[in-house]
Amino acid sequence: MGEDIGFWAVAGLLAAVGGLAVAAAMLDSVMGAAAMGHARPVAAMLDPVRETARLLVQQRSVVPASDSVLRLIGTGGIVLAAALAALVVPVGMRPVADLDIGVVWFNAMEVLVWAALWLIGWGSNAAFGLVGGYRIIAQGLAYELPHMFALITAALGAGSLRVGDVVAAQSGLWFVVWMPVAFAVYLLSALAMAFWGPLGQPVDEDLAGGAVSELAAVDRLVFLAGRYALLAVTAAFAVPLFLGGGAGPWLPGWLWMLLKTLAVLGVLVWARWRLPTMRMDRFMEAAWVVLIPAILLQALVVGIVVVARG
Amino acid sequence: MTLDAFLILAAALFAVGLYGALTQQSIVMIMMGLELMVNGVLVAGGAFWYFVAPATADGQLVVLVAVTVMALEMAMGFAATTAIFRARDVDVTDDAEDLKG
Amino acid sequence: MGDAAFWILAVGAVVTGIGVFQMDSMARATFLLLASFLCGAGELLLLGLGYLGMVIVLMMTMEMVVMAVFMVMYMMNPAGLMPMTMVHNQRPATVIAVVTFAGLVAGILLTPWPERKGARPMDSTMQVGEAIMGPQMLLMIVIGVAILATMIASVVLATDRGRYDRYGDRLERRRPDDPIPGGRR
């Protein structure tokens, strides 16, 4: 299935994902401070560093009779799934592991995140934790179909499930230009897959933190690292799918990739602070009755174009 | 990697699933046993494709059908469990013996 | 390399499969079953069936989280904090399982399996795609109809509300009276 994957390529990729996750956390706290009306929002940039230090010295807490094994698997699973998903995200024109089924691989890793989050909620032995775990399942099931069809639409336009081919197929025209609906659906369902912003109900404040309400200290730090990494990887994957990957004038491919990823990441973080949180039953209904028909029509249009082009 | 090794793995999964399906009382656990049996079919289908007839897609289609069967089996199983749980508060097979036809 | 991976995954699949029926905690049982499926999917990846392997990972993860929901709903003791035995027929079942396994293994070892016919395709995904969209399309049509029938049948079985509950005894309401909002208003 795959070719040999270099050790240094993987190490570099992990460093890049880690860096992007830190950037996402910093961007998040700056935008949050700005949204709250702080006088000097840029000063909030170092909040993630302070939070890391605080979590590192905090005492770990374990609820009696909680299933620690499952909770640890869940916490580590989020980081692992984000890292494995990053394997198929191209740095420049080609991913570290250019699997022939890269698009499906990415989707499978996102689904593993639901299982991981449910395990955290269950393993915490807390009512709010379990409710948060149920929320990610309901939301994941509702948004998986539009998400999957958005991924497949891009793959259909390229005629390949290989991410490198999807990038190569956009050398003339970026997919975002002729499949705007798929791009919009991808971004929206990416919010649900990364349980972020308006679709962040599984870990929302109204449940005192939901699935992760009982996580403290290092456990919470690992979870937060995984969560921001997941957000960054989900944002990064929009670039090879719809925004031409590393294509662009003057600058090298990896730099374009980075700039575009940061732009998408900025939009997602902006969405968290500027869009109202919706009630779950409302946005789940929207997924079933609006997004799925819309993305199916988009896939139909793309299919017709592909057939007509020959 | 030989055909025999893959098929023995498939047989082992099938037998473990069979044991589970026969011993468990809870309907949910019985379904887990059935899923494990189908897991054996998946492995066997893939192995036959690879070792015996890779030129046609028939082995792959067996896997595809088996995956669908699993999903359908689970959907119908849980629907039936929900129905009997609503009607009689039953979640183990021993309490539903009168359903045998 | 391939051999080592095969044996690790094979042992993993069987051990986690046995573990499913040894756990007190049903959550652990469910996710051990998922682990068994992931090992099985890994075997398919080894065989060059990348697409099917990843589809199994995708579908089984979804199925197991859904199963976890039903498990909490219907089982007396999902967390297994007070261990209890929920088995019957243990001895006959063990004998049946062992005999089945022995019979299958004997059959596997004694059968003269045919030699490989034809070459492996460059792209197994393309092969299965062309098969279900070409000569084997009937299979895909049947699968589609079966899924649709299951969706309808499972909803009919699982719901306890009919149209008289929703629209009134004389079907006089114009808008259905549902406990959960959503759908046609």
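Using the three backbone atoms N, Cα and C, a Cβ is placed for every residue, glycine included.
As annotated by TrEMBL, transmembrane segment applies to A:6-27 (among others).
Under the heading transmembrane segment, TrEMBL lists A:69-91 (among others). If you look at the transmembrane segment (A:69-91), the same-chain residues 6 or more away from its ends with a CB under 8 A from one of its CBs are 5, 10, 12-14, 16-17, 97-99, 102-103, 105-106, 109-110, 112-113, 115-124, 163-164, 167, 215, 219, 222-223, 225-227, 229-230, 232-234, 236-237, 240, 245-246, 254, 257.
The transmembrane segment annotation in TrEMBL covers A:111-134 (among others).
The feature transmembrane segment is assigned by TrEMBL to A:141-161 (among others).
Per TrEMBL, the feature transmembrane segment maps to A:173-196 (among others).
Per TrEMBL, the feature transmembrane segment maps to A:228-247 (among others). Long-range contacts of the transmembrane segment (A:228-247) within the same chain, counting only residues at least 6 positions beyond its ends with a Cβ under 8 Å from a Cβ of the stretch, are 17-18, 20-25, 28, 78-79, 81-83, 85-86, 88-93, 95, 103, 106, 110, 113, 151, 154, 163, 166-167, 170-171, 174-176, 179, 182-183, 186-187, 190, 193-194, 196, 253-254, 256-257, 260-261, 264-265, 268.
Proximity of distant same-chain residues to the transmembrane segment (A:253-271), defined by a Cβ-Cβ separation under 8 Å and at least 6 residues beyond the stretch ends, is recorded for 20, 23-24, 27-28, 31, 90-93, 187, 190-191, 194, 196-198, 231-232, 234-236, 238-239, 243-247. Annotation comment: TrEMBL describes A:253-271 (among others) as transmembrane segment.
Look at TrEMBL and you will find A:283-308 (among others) tagged as transmembrane segment. For the transmembrane segment (A:283-308), the residues of the chain that approach it from at least six positions outside its boundaries are 138-139, 142-143, 145-146, 149-150, 152-153, 156-157, 159, 178-179, 181-182, 185, 188-189, 192, 198-199, judged by C-beta separation under 8 angstroms.
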Point to revise | Residue numbers, six or more beyond the limits of the transmembrane segment (A:111-134), whose CB comes under 8 Å of its CB atoms | key: 63-75, 77-78, 80-82, 84, 140, 144, 193, 195, 202-204, 207-215, 223, 230
